[in-house]
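**Q** Swiss-Prot lists these features:
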{"type": "BINDING", "residues": "Gly35, Asp36, Asn37, Gly38, Ser39, Gly40, Lys41, Thr42", "note": "ATP binding site"}
Amino acid sequence: MMTNKVSLSRLKLTDFRNYAAAALVLDERHVVLTGDNGSGKTNLLEAVSFLSPGRGLRRAVLSDVTRVGAEATGFSIFADVDGMDGEVAIGTGIEGDGEVVSRRLRLNGTPVKSVDELTDHLRVLWLTPAMDGLFTGSSSDRRRFLDRLVLSLDPGHGRRASDFEKAMRGRNRLLSEGRFDPVWLDGIEKQMAELGISMAVARYEMLGLLKTLIEGRAGNAAFPSATLSLAGFMDDRLNRPAVDLEDEYGLMLRDGRYRDAAAGRTLDGPHRVDLFVRHAEKNMEAERCSTGEQKALLVGLVLAHAQLTANMTGYAPVLLLDEIAAHLDEGRRAALFDLIHALGGQSFMTGTDAAMFSALGERAQFFNVSHGGITA
């Protein structure tokens with residue numbers, strides 16, 4: 001399958017993290033950013049991650065992203081992108097002060113209402129050291145990871161998830177106040193059923209596609225294969241018609257009103273799902289694998305999902321890989337770079353030592369980052 005390339009040709013930051021002003025002029029090649037810890041390498045990756053909907057790879061409070069000491073009250077990011085819909089100039093940042101801070105987006109200089117429109121132009125995926133504990137951490141971290149995987153294939157998923165959370169909070173509030181008004185609750189629960197099943201089915205379908213791709217690559221991959229499954233909501237029933245599932249979940253919510261009121265929360269729904277990952281070759285739960293095996297599993301999973309995104313959209317995603325080479329031996333590093341290059345997209349990688357990326361050769365542009373300054 002022919003994969004089209006999406007690439008950034010220019011990135012410009014103002015009052016973003018430790019950068020008063022910074023600019024990168026890029027070609028289509030991969031980008032390697034090296035420098036000491038704390039110099040601002042990850043901040044550059046975070047800036048690129050803001051070219052996708054959401055709060056970036058750190059899930060930052062937007063007001064915290066503005067440079068300390070900045071005269072203005074916000075930050076701005078500009079990027080020229082050869083994207084899925086041709087060349088586009090993207091500008092994003094925040095406006096407002098104090099309590100009311102909102103993200104703004106311009107495409108080719110024209111304001112747009114929703115940052116979701118970014119997915120018409122590029123898909124951005126990332127892997128950071130903060131994700132290394134994914135398999136041993138909380139189920140909420142794994143759900144967030146799962147939903148980001150879905151989002152790259154189904155851009156409407158994030159909106160449905162936030163609408164579901166909003167409806168669920170409304171139901172919880174009514175129940176906590178003892179207001180069992182059937183008209184109010186029936187309306188909210190109908191909305192929750194439609195949104196919740198839509199979320200659950202989107203996760204189920206994405207995971208099915210990802211499992212098929214991983215199984216097709218098993219045995220000839222540089223990184224171990226993962227076996228994936230979901231549990232916690234409508235297990236083994238998500239292949240049924242959505243209308244039947246909505247009726248079933250709606251009934252579940254109605255029957256659980258008094259129980260949920262006593263618990264102080266909604267006990268059934270897509271917000272209770274967990275992602276289970278096993279090391280396929282060892283038939284072992286990921287959380288029981290060594291730290292090195294967990295990292296290799298996660299790298300393999302993210303690369304497989306990047307390939308799936310390319311297959312499904314026809315465009316390779318932009319990959320952000322923070323400290324990606326730090327815990328890999330030389331052979332596995334070289335294999336990783338070959339896999340990344342074979343995806344056909346542009347990736348941004350960080351590390352403390354440029355020598356760790358030598359296997360990339362001419363396939364990458366190298367930049368040195370030093371406390372707010374960037375040199376080629």
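Glycine too: its Cβ is placed from the backbone N, Cα and C atoms.
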**Q** Quick check on the binding-site residues: of Gly35, Gly40, whose CB has the lowest count of neighbouring CB atoms inside 10 Å?
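**A** Checked Gly35, Gly40; of these binding-site residues, fewest Cβ neighbours within 10 Å: Gly35.
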**Q** Note the Cβ centroid of Gly35, Asp36, Asn37, Gly38, Ser39, Gly40, Lys41, Thr42, the recorded ATP site, then list each other residue of that chain whose Cβ lies within 8 Å of it, in sequence.
**A** Thr350, Thr352, Val369, His371
**Q** Here the binding-site residues are Asn37, Ser39, Thr42; which one has the lowest number of other Cβ atoms no more than 10 Å from its Cβ?
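**A** Sparsest of the binding-site residues Asn37, Ser39, Thr42 by Cβ contacts within 10 Å: Asn37.
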**Q** If you draw a 10 Å sphere around the Cβ of Asp36 (ATP binding site), how many other Cβ atoms fall inside it, taking every protein chain shown into account?
**A** 12
**Q** Could you check what DSSP calls Thr42 (ATP binding site) once collapsed to helix, strand or coil?
**A** helix
**Q** Neighbour count first, Cβ atoms within 10 Å, every protein chain included; then name which of Gly38, Lys41 tops the list of binding-site residues.
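**A** Top count of Cβ atoms within 10 Å goes to Lys41.
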